[in-house]
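Novice: As annotated in Swiss-Prot:
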- 1-7: transit peptide (TRANSIT)
- 84, 88, 185: Zn(2+) binding site (BINDING)
- 87: active site, proton acceptor (ACT_SITE)
- 160: active site (ACT_SITE)
């Protein structure tokens, strides 16, 4: 039987290769190579368009989630953000689809599970993924026509890029200010301290590679004609790389691409790569940056050392460099982590730490956040390199890295095609063979034999060649309290300068242009030119999966490729005293950071990597899908090769029962500082979710618990803990004692359930025995902690706090407004979900983004928490957004002229995610994770499909129009507006 399977596999591979004969011509494309990559179960086909020289890579794989992308090399000429703004305006209408923003409008005319457009450092690409063949054709046509033949209207440049416009568009006496979607997006980016550090580092290590996203201070120097010229120069087939992945026929796509390309000739493209900073001698640079309000003043410095280490074109040396970076930096047992982070020199690595392949150079960077002595850091790094060279690398560490690489190949992901695209595109656009990068087995095999023959020498040679006694770039950024105000002053100065250059004719033109733009935004367009799917394309039946449930374990037997996935959860309702809720997330994180009385976590971590794909612990809270009552869980998970599944349970037992908080209090302090810094980055990136969670916490018990374990209450706790670290007695009583108490409460055998995904009956039997044994080794008695409370008694925020401000030193704001809705199984839940989607696509996108200039905005209904909410993202005018939110229900009932077609499009948009492909390990896990049965899912699906326009009006009138709402803004205070007592102010800082 095995012999037959091998023969069948070889036969299929040969059949695939016969489809792509080398030298053959397929619709104007010549096949240059067809390379089987058996370790990834795919064949890579390299083609070139004879007429234009455009390159196409096809990944032939038995995967129904098909991907298409078109990419262009787009070296930014300056820091005005022209590649980024072009990415936006390209999708604002084309010759074949002359409607405003066909890309956004296709989001609800499609069943694609992924649609986007992205700007990299020196390339721009437009990918999508779908399982529907007709959808694939529709989106492919829109993407090709939009990128090659966009309208590039000046009006779209003003909307998406930047413009001068009155703050009140219809009032010529109101202030003239800067507006624009990308302008505000990048102001939000600069507010993220990590992003600003990274972008300034990149700009200085690679001065010839400008900021493609755009510097807000430079964006307002860009002219419309610059945009048109940049498109003409770069969005040409000769400069394009197209990509397809999956099971759909390649010939159809090549035929369409050839039709689009044949109007073009071959253009000579400048393939010269910009060069990085020339490090003939060591260079140092210190700049000011954004302060981190969650860390104390003495921990506001980020600093790093960077060496140039060859070029990405040498694939094996680049691979070795990445392995070296892993040995030096990855994990608790790495020499740099122990010497720089565990030692307390920094609380975490800087965001640029690691190995980076950037255009024409590889870099190795070692950096820290929270440095109090930059010179001590630099000296320590040199000492650690010397120590690394003087000692042999433990072969187990190399084996662990190889094990992780090999396991990652077998770990099947639902978005595998997109992941391949992301991995190859940066190098492909700069002349690196994309297929060689897919051949992992060859690289790993060479590493194994090289390390066996030469040992540590292969890594020491790289250090000797590029690091030891070589010049480097020392980059430091010091957090400044005045940073945001200085940026605001610079913007004000630039605005004043532009305003002084205006005469009355200019001012009149600006006013009239604003009116014209608003009129265009309000104009209802004929969208009949856009291709669309219909509700009939959506199945009325949910996908179900056979499960084997016995006692406390449920097993899904499916194609896991020889991997066992284990998830466990423990219900901890009625166990946790209220004062310990904010400590729950810290407790879960501590288990995979500290270690035991006898073994540091670094040693445990290395064993975990050697034998498994990883172990994790977490806290989650879910609402009952019928009653909305909260269920609080301690979660644990891990995965490994089938033959090593027992290691998962051994490691879980070790970290649960033996983690010692007192022995490793210094590591605990490092972890707390790291969490504080991560919290700041999270708020800068996802402030709208923080605002939404805080607002929801006033209305829902589940949301209130979530706030305590991972929201504002948790942020406040972490900030307070950062301020007491130097007081050992206080730290013991306020932190360590509480974590020990949680360990006593949580670690026992009661209320434990498991879910396993395996690929054969024998492995299922093995897992069941391992679960039984694991549970039997845990204490079987409940905690003796007194004063436990019901989760339902967790206090919500006062609902009299209708307006809330969470103060952060950003340049833009994030807003949310929350309302009580209904449970997952309630008959009105589906209509509320459709209402939220229709408001997003048919109203709020126009009002919040196009008119208001925010980067994003919309409405959501969380069926699993029962909360309906509005939000805006990187918003220059949050108070106007709140007014828009408050008027939205009235708009639905009185002004919206929504049609059945509008309703159907919203259903398509919702089912993009409902029916998105899932990985084998996720099959059948919905009930285990959320308590939602297949029967509930089926009823919900039918309710979504059957929702009518009358239902939409009914739920808007019943749940949104009359109900009390809670609004929250994240960002800086607004003078004269966000003041007490009208506003409740939360100031999260040390």
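Backbone N, Cα and C define each Cβ position, glycine as well.
I'd like these features described in context: how deep, what's nearby, how far apart.
Specialist: In the three-state DSSP scheme, residue 185 (Zn(2+) binding site) is classed as helix.
Taking the Cβ of residue 87 (active site, proton acceptor) as centre and 10 Å as the limit, one finds 24 other Cβ atoms among all the protein chains shown.
In sequence order, 85, 88, 89, 92, 180, 181, 182 are the residues near residue 160 (active site), counting only same-chain partners six or more apart with C-beta under 8 A.
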Novice: Excluding 84, 88, 185, please set out which residues of the same chain place their CB within 8 Å of the center of the CB atoms of the Zn(2+) site, keeping sequence order.
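Specialist: Not counting the recorded site residues, we get 81, 85, 87, 119, 160, 161, 181, 182, 186, 213, 214.
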Novice: Sort residue 160 (active site) into helix, strand or coil using the DSSP assignment.
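Specialist: Once the DSSP labels are grouped into three classes, residue 160 (active site) ends up as helix.
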Novice: Measuring CB to CB from residue 84 (Zn(2+) binding site), give everything in the same chain under 8 Å that is also at least six residues away in sequence.
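Specialist: Non-local contacts for residue 84 (Zn(2+) binding site): 119, 182, 186, 212, 213, 214.
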Novice: Taking 10 A as the limit, how many CB atoms besides its own sit near the CB of residue 185 (Zn(2+) binding site)?
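Specialist: So the number of other Cβ atoms within 10 Å of residue 185 (Zn(2+) binding site) is 24.
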Novice: For the C-alpha pair, I'd like the distance in angstrom between residue 185 (Zn(2+) binding site) and residue 87 (active site, proton acceptor), rounded off.
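Specialist: Just about 13 Å between their Cα atoms.
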Novice: Residue 88 (Zn(2+) binding site) has how many other Cβ neighbours within 10 Å of its own Cβ?
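Specialist: Neighbour count, Cβ to Cβ under the 10 Å cut-off: 23.
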